[in-house]
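Engineer: What TrEMBL records for 1-23 is region 'Disordered'. If you look up TrEMBL, you'll see 1-11 marked as compositional bias 'Basic and acidic residues'. Sequence annotations record features per position, and here TrEMBL assigns compositional bias 'Polar residues' to 12-23. Sequence annotations record features per position, and here TrEMBL assigns domain 'Photolyase/cryptochrome alpha/beta' to 119-253. Per TrEMBL, FAD binding site is recorded for Ser372, Cys373, Lys374, Ile375, Ser376, Glu425, Leu426, Leu427, Trp428, Arg429, Asp430, Phe431, Phe432.
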Amino acid sequence: MDSKIRIHTENPDSQSPSEDQNQAQISAIPIASISLSLSTVLPYHFLSPFQKIASIFTPPNKVKIPSQISSLSNLSISSSLSPAKPFFKSTISANPLQSPLILNPLRPSEPSNAAALRRASIVWFRNDLRVHDNECLTSAHNESMSVLPVYCFDPRDYGKSSSGFDKTGPYRATFLIESVSNLRKNLQARGSDLVVRIGNPESVLVELAKAVGAEAVYMHREVSYNEVKAEEKIEAVMKDEGVEVKYFWGSTLHHLEDLPFKLEEMPTNYGGFKEKVKGLEVRKTIEVIDQIRGLPARGDVEPGEIPSLVDLGLNPNATMGQNGKPAVDASLVGGETEALQRLRKFAAECKAKPHKGSENGANESIFGANFSCKISPWLAMGCLSPRSMFDELKKSTSSVISAAFNKKDGDSSSSDTGMNWLMYELLWRDFFRFITRKYSSAKQHSDAPVTACTGL
């Protein structure tokens, strides 16, 4: 039996190529043809590399995540054994050599620097219901191939407190539902979506992380005791799953890391705090992302429905007056879109009404509807960031804002306008959030009193 193996590297159309030509032709031929002079000839498809390529696209198991926490413990796992069925339902065509289809929400195409990116990450929205000036969302987008935005309606935030009052009343809950709904629309407009669940975040997030294969969870830190405890619980369960937790700070005008003192050494009175942060530079706002990374392909996670007041255990009739109409100002609509519109309107109103001191030398209050900007609800929900508010007002009257941060106590000059007072309110807000965080950490134990009004 003749068992010689001959590898053809020459061009069939050339009879006697030179050594250089042979070498060039070898590099030009992607797959060397092998001929065996054996008595038994092997089938051609046995040597074809495309069988190995096809095996890569064998569909894996698919985990479906239900939309409610009550059924998260009963995950339904279905195996797709048919090779003709794509492993997720919106992006891969039957022929793997063709370009994938792109549906809404967009699935990510692998970037050139994919090796340096996380395959999938979760962004847990809390009191930061916005896409503008959101360092948490922006960082996840820049560091991941796919991003899963999530919001949890925690049942522990509803119901009655030990004093018999609603933990979250129907008006605040309505505003929150509107804000979450608007956030979902803004994410969808940028190629993403918002996964909404009712349940404890430490349970919901770990199940979603398992489903999509998330390597990190991105979140903004909060300040109250219960919020800090929730962060600690999530960090513990994620550590057990090998998932990194990345924290960010975005609820104050001044960044926590920019303070000229350690948080545990923060002055316990507003006067001392204001004196130390005087002249402190405010960080620039973060531009909104035009196109956010798509949702993870793995897991086939359903977005879920945004709950109603009834779903949260609240009475929707409580928000209605005796005449059947809303009992409060219907113009207070939650959401980032409404917040930005109100901010621009307020800034334009301030610019159109230059300050004029009163006859007795007293200073006017801030401008706006009923002498108030009425933006606090949107700041509390994170639909608007304090830095965005600062930037927008700075565009209108930069000199006034500069005076607001550098004016000495007791100075009642004409530069102390309504805009000036608004900046003071943002500083007061910073003080209360920082001091709350200081005493909310479970690791902090101090009996030092907080004297907020001292030094004013």
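Using N, Cα and C of the backbone, Cβ positions are placed for all residues, glycine too.
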Engineer: Using DSSP, what is the helix/strand/coil residue split across the domain 'Photolyase/cryptochrome alpha/beta' (119-253)?
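Structural biologist: Helix, strand and coil residues of the domain 'Photolyase/cryptochrome alpha/beta' (119-253) number 59 helix, 29 strand, 47 coil.
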Engineer: Taking the Cβ of Leu426 (FAD binding site) as centre, how many other Cβ atoms lie within 10 Å?
Structural biologist: 21
Engineer: Taking the Cβ of Lys374 (FAD binding site) as the centre, count every other Cβ atom within 10 Å, in any protein chain shown.
Structural biologist: 15
Engineer: So if I measure Cβ to Cβ from Trp428 (FAD binding site) and keep only same-chain residues at least 6 apart in sequence, which ones fall under 8 Å?
Structural biologist: Tyr270
Engineer: Tally every other Cβ atom lying within 10 Å of the Cβ atom of Ser376 (FAD binding site).
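Structural biologist: If we count other Cβ atoms within 10 Å of Ser376 (FAD binding site), we arrive at 12.
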